[in-house]
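Below is one structure, written out as structure tokens; comments come after it.
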Number of protein chains: 2
Amino acid sequence: MMQTMQQVVTIAELRQHLKEARRQGKRVGLVPTMGYLHEGHLSLVNEAKKHCEIVVMSIFVNPLQFGPNEDFDRYPRDMERDLKMAASAGVDFVFSPSVGEMYPQQVKTNVSVSGVSEPLCGRSRPGHFDGVATVVLKLFQIVQPDYAFFGQKDAQQVAVVEQMVRDLSVPVTIIPCPIVREADGVAMSSRNVYLSAEERKQAAVLYRSLQLAEKKVASGADLDSVRDEMIRTIEAEPLADIDYVELLRYPDLTKPEAPEKGDRVLIALAVRFGKTRLIDNVIVTV
Amino acid sequence: MMQTMQQVVTIAELRQHLKEARRQGKRVGLVPTMGYLHEGHLSLVNEAKKHCEIVVMSIFVNPLQFGPNEDFDRYPRDMERDLKMAASAGVDFVFSPSVGEMYPQQVKTNVSVSGVSEPLCGRSRPGHFDGVATVVLKLFQIVQPDYAFFGQKDAQQVAVVEQMVRDLSVPVTIIPCPIVREADGVAMSSRNVYLSAEERKQAAVLYRSLQLAEKKVASGADLDSVRDEMIRTIEAEPLADIDYVELLRYPDLTKPEAPEKGDRVLIALAVRFGKTRLIDNVIVTV
């Protein structure tokens with residue numbers, strides 16, 4: 001029998017449902033999202049269904065992880081569409097709390113992860129990963145999932161969450177899932193809707209530059225020269241405005257002198273097209 | 001049948017035991033301590049046994065909450081004695097991990113609670129409450145207790161932990177327990193063993209000054225003048241060296257202009273006798 005999906009908006013109600021599921025010995029998986037779902041999110045649900053009898057998707061645009069001049073207010077939202085997509089994908093509970101339900105008073109508690117939070121998006125978006133760590137830890141306390149599923153597109157986020165889980169012994173297994181791409185290689189992202197037709201077309205350069213770099217790094221090229229070549233490739237597109245292009249050891253996100261055999265290298269970039277900031281990455285084993 | 005107490009030193013083994021207990025529907029209570037037990041700790045166990053079928057006492061001198069010039073190394077330890085006392089009090093599991101078990105790598109994750117962490121001991125001991133919040137949250141992730149029991153002697157610690165639990169929706173109920181005192185009013189503390197006979201005798205002034213202040217505040221006296229009188233009282237003891245004496249609204253620990261009817265006021269002090277820093281407090285409802 002097909003169980004109908006339920007939307008739950010309060011912490012108390014969600015806990016009540018999950019308590020019952022847990023009593024029945026069911027494993028609970030959490031797919032944390034900010035909504036405006038795409039194939040990337042659905043691939044997380046798909047993976048979650050392999051590990052868990054109960055899949056909870058949270059949909060919450062978390063103000064803590066947006067800077068004062070970022071796109072919190074205009075971040076795309078469409079709950080009705082999200083609920084349909086989540087139901088088709090086989091989600092059991094959509095947890096979509098209001099900001100007031102998640103943060104009834106001003107939040108005084110801050111969770112920060114030094115080291116991995118600092119380079120890349122941490123440098124461009126001060127406080128972003130504190131906001132991420134804090135809300136993810138709170139979602140873990142609310143849902144108490146056995147597994148949680150995160151997209152590798154946010155590779156640094158995965159590294160931050162994994163470090164936090166290890167440091168605090170949070171009883172959850174983190175499952176990073178591969179990036180899902182459009183036909184031309186552009187990584188699926190809710191923010192892609194911001195792009196004009198011309199920006200969207202030129203955005204294909206990001207994955208082209210990553211593929212190029214991937215080959216060179218795998219065959220032992222010098223990381224600085226690979227980085228230079230990526231920058232030249234991206235800058236050939238007139239609308240591309242580079243925030244960063246970096247090659248770092250994964251998952252500790254330190255800058256390797258020269259990577260050693262067996263090291264994983266994260267090739268990561270953030271590039272603006274007009275007002276829209278896109279990120280993408282690949283991880284290569286040297 | 002009397003169940004024998006077990007000492008457990010690894011996170012994995014403790015979780016295994018508690019999983020079994022939880023499957024049987026038993027409620028789990030956590031009494032976090034740094035060991036060198038006294039009647040204060042045992043009163044927490046006593047309270048825990050009223051709420052829970054399983055009582056876990058953690059014994060862990062947490063390096064994160066000690067400053068570089070504080071007493072981490074000389075903090076009193078006596079595991080053999082602690083185990084006997086815990087067993088007599090009816091503890092089910094003593095969880096006494098090594099530092100390496102709790103922090104196998106350098107901890108990168110820091111939990112901080114702004115506001116309540118800042119005055120009083122937060123000012124005297126920079127980073128102390130970050131260390132407390134981080135280890136308590138980690139213990140909560142390890143034990144997943146239904147209830148956790150904290151002594152009111154560390155009133156600010158209680159306020160910090162309660163704020164963190166609320167902010168992060170940690171599924172635990174915090175039960176603060178009254179201060180246990182010696183015959184002359186000195187609050188029980190593992191650090192009392194540091195005191196010389198003369199220091200120990202003069203330390204009785206702390207509770208005398210608190211009792212005096214309690215009466216005055218309850219009858220509406222001006223908080224600044226009460227504070228002045230406490231300071232004069234304490235300074236009459238030649239070995240007493242005041243770190244702070246403060247009267248703050250509880251539990252937000254802000255300085256009240258004038259407390260309103262129904263407000264709770266925390267009267268708190270930290271005083272050194274030789275190398276030993278003692279803290280004590282009372283909470284008065286105006």
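In case you wondered, yes, glycine gets a Cβ from its N, Cα and C as well.
Remember, TrEMBL labels are computer predictions, not curated facts.
From a predicted model like this one, the values you see are computed outputs, not experimental measurements.
Features of the protein shown, as given by TrEMBL:
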BINDING   A:34-41, A:151-154, A:V180, A:188-191  ATP binding site
ACT_SITE  A:H41  active site, proton donor
BINDING   A:Q65  beta-alanine binding site
BINDING   A:Q65, A:Q157  (R)-pantoate binding site
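A:H41 (active site, proton donor) and A:V180 (ATP binding site) have their C-alpha atoms 9 Å apart, to the nearest angstrom. By a simple count of nearby Cβ atoms, those within 10 Å, the most crowded of the binding-site residues A:M34, A:L37, A:V180 is A:L37.
Sequence-distant neighbours of the residue listed as 'beta-alanine binding site' (same chain, 6+ apart, CB under 8 A from its CB) are A:G127, A:H128, A:F129, A:D130, A:G131, A:V132, A:V135.
In the structure shown, the C-beta of A:Q157 has more C-beta neighbours within 10 angstroms than that of any other entry among the binding-site residues A:Q152, A:Q157, A:S190. The Cβ neighbour count for the residue listed as 'active site, proton donor', using a 10 Å radius and every protein chain shown, is 28. Here the CA atom of A:Q157 ((R)-pantoate binding site) lies 16 Å from the CA atom of A:S190 (ATP binding site). The separation of A:M34 (ATP binding site) from A:Q157 ((R)-pantoate binding site), Cα to Cα, is 14 Å. Spatially close to A:G40 (ATP binding site) yet at least six residues away along the chain are A:G151, A:K153, A:I179, A:V180, A:A187, A:M188, A:S189, judged by Cβ distances under 8 angstroms.
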